[in-house]
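These come from TrEMBL:
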type     : residues : note
ACT_SITE : Glu372   : active site, proton donor
DOMAIN   : 133-190  : domain 'Beta-hexosaminidase eukaryotic type N-terminal'
DOMAIN   : 214-556  : domain 'Glycoside hydrolase family 20 catalytic'
SIGNAL   : 1-22     : signal peptide
Amino acid sequence: MKWTRTALGVALLLALVSHLAAHSSDDLVYGYECRSGFCHNVELSEENYTEAISLPVCRLFCGSSIGTLWPKPTGTVRLDTLMRQVDISFIDFNFNGTARQQKLWRAAEDRFMDMLDAQIPDRKVLARGGYRMSVNINTPDEPTPARLTLDTDESYTLDIDTDASGHVLANITAANFFGARHGLETLAQLIVYDDIRREVQVTANATINDAPLYKWRGLLLDTSRNYYSVKSIKRTLEGMALVKLNTFHWHITDSHSFPLEVKKRPELHKLGAYSQRQVYTRRDVAEVVEYGRVRGIRVMPEFDAPAHVGEGWQHKNMTACFNAQPWKSFCVEPPCGQLDPTVNEMYDVLEDIYGTMFDQFNPDVFHMGGDEVSTSCWNSSQPIQQWMKKQGWGLETADFMRLWGHFQTEALGRVDKVANGTHTPIILWTSGLTEEPFIDEYLNPERYIIQIWTTGADPKVKKILERGYKIIVSNYDALYLDCGGAGWVTDGNNWCSPYIGWQKVYDNSLKSIAGDYEHHVLGAEGAIWSEQIDEHTLDNRFWPRASALAERLWSNPAEGWRQAESRLLLHRQRLVDNGLGAEAMQPQWCLQNEHECPIDACSRGSGRLGLIVLLLLTTLSA
């Protein structure tokens, strides 16, 4: 039978209405069309049905050369305006030259399919048929298990095409697993669910060349102030993978609790954990590390010392000002506690802690903390005072800095011992030890990386950079994501209020912070210190603000947050679809009515001319 276009449209519309009635009266009967560079919501009718497209498809091609990709690629992006239906029952993966890592690749494949499945609201109404799809991974055969390091090449190339037999071919070429994994992440963003035709569709032709600008793209989570289940940590790692963040900085212990199992020192977690159900066992750590590796993420441990220790160290006589009162005289928050650098046996305990961390995490970079050391704490200890006087030292600030330098030298020696002399790069927080003149006396710029937590405008940052140190930026005025809330040791708001919006995170320029020394910036981390956050509020504190950080670190876009807003709205929905409780940014109406919500929408111009798009969907062109 021959169908006219009108008759076909009527038939399809009737089929759609019948389909809706049969399955759910709650489904929307709306489509979208691209006008003046923006996607506009339209009610489906006989006249517009064949031209109407779903919101995810419209946003891929309307008004932006990079579609809805997040983070923004750094190289060539070519997306054709043709979509093909994919039969998700016939997606096969071919891993070239990776026989030694089949377990790793299979885990990445399973995750990819889970991401596709997360887009489909109801498999019962999914249209049958579509193209077969092959995902071909081209990487060299690596002789050792994949391990992310500061030298890892994370670039990739993605090409999508269709062969003569009607096979959709997605080819990903990369130097290693980590680059290829990023390519898979991008490919997943080019596969969408069309809720008008109930199909999974893929961009029929695409070419993307991409690589990150910054090597270190991370999030810090403090699991000492409040405990986080392994499940919630995995959820954070999943969100990181979705935006190509590559470093999970695990601040495991602090003065509040010691939840890590150290095999040779079980008393640490038995005395230091909040309960024996709130301990990270060796099995837990191994599970988190491998879960991160599959997602292209290094899991880097931090043992913060010599300050920020307490619970777990009872009965050892190796600490000063343990839980001292009034606490504000000895530390920045309760409970207080610092290691006593004069006790030689204390370094044996450190060695066992470091040994556990190197054995389980196999870190390419190790964080030794060094944050917020209180000289008044050490000066309150008579044994420490007596030891210093025996050395011929005084009890002035410079003398306590010398004591700190002694600790750092001895502790570093124990790190090198458990690391078999590999001289693993060490990260320290900005502190009194990183200020003049002490930084020159005690810290070697060839060995130490400095993590900046002060403000982005702090002049001390330039002094560190001038000396040749590489830095990681976590300026609290833009990247402390726990800011904004009630005070907990006093009234009013917490110390770093107000709340930091995603726009400020997005526009936090590392180049502006580093100036002429940008080449010394490894990257940045967003941080959650957990005094007032636990696993029940974790997701909406990290997301989608961590996604804003991810784009800044991946591509360092020249444009500000405004150009990213509509993409981030859609990306936030992707986070939610993949199980993350990301904070809402705007009413859903703004997502469905692009460009209508900004207060200056009418004065900003119409953007790029709208694409005149009539998508040749497979179901209509067959």
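Every residue gets a Cβ built from N, Cα and C, even glycine.
Note: TrEMBL annotation is automatic and uncurated.
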For Glu372 (active site, proton donor), just count the other CB atoms lying within 10 A of its CB, please. 16
Determine how many residues of the domain 'Beta-hexosaminidase eukaryotic type N-terminal' (133-190) DSSP places in helix, in strand and in coil. 13 helix, 20 strand, 25 coil
Per-region confidence, the domain 'Beta-hexosaminidase eukaryotic type N-terminal' (133-190) (mean pLDDT, whole number): 92
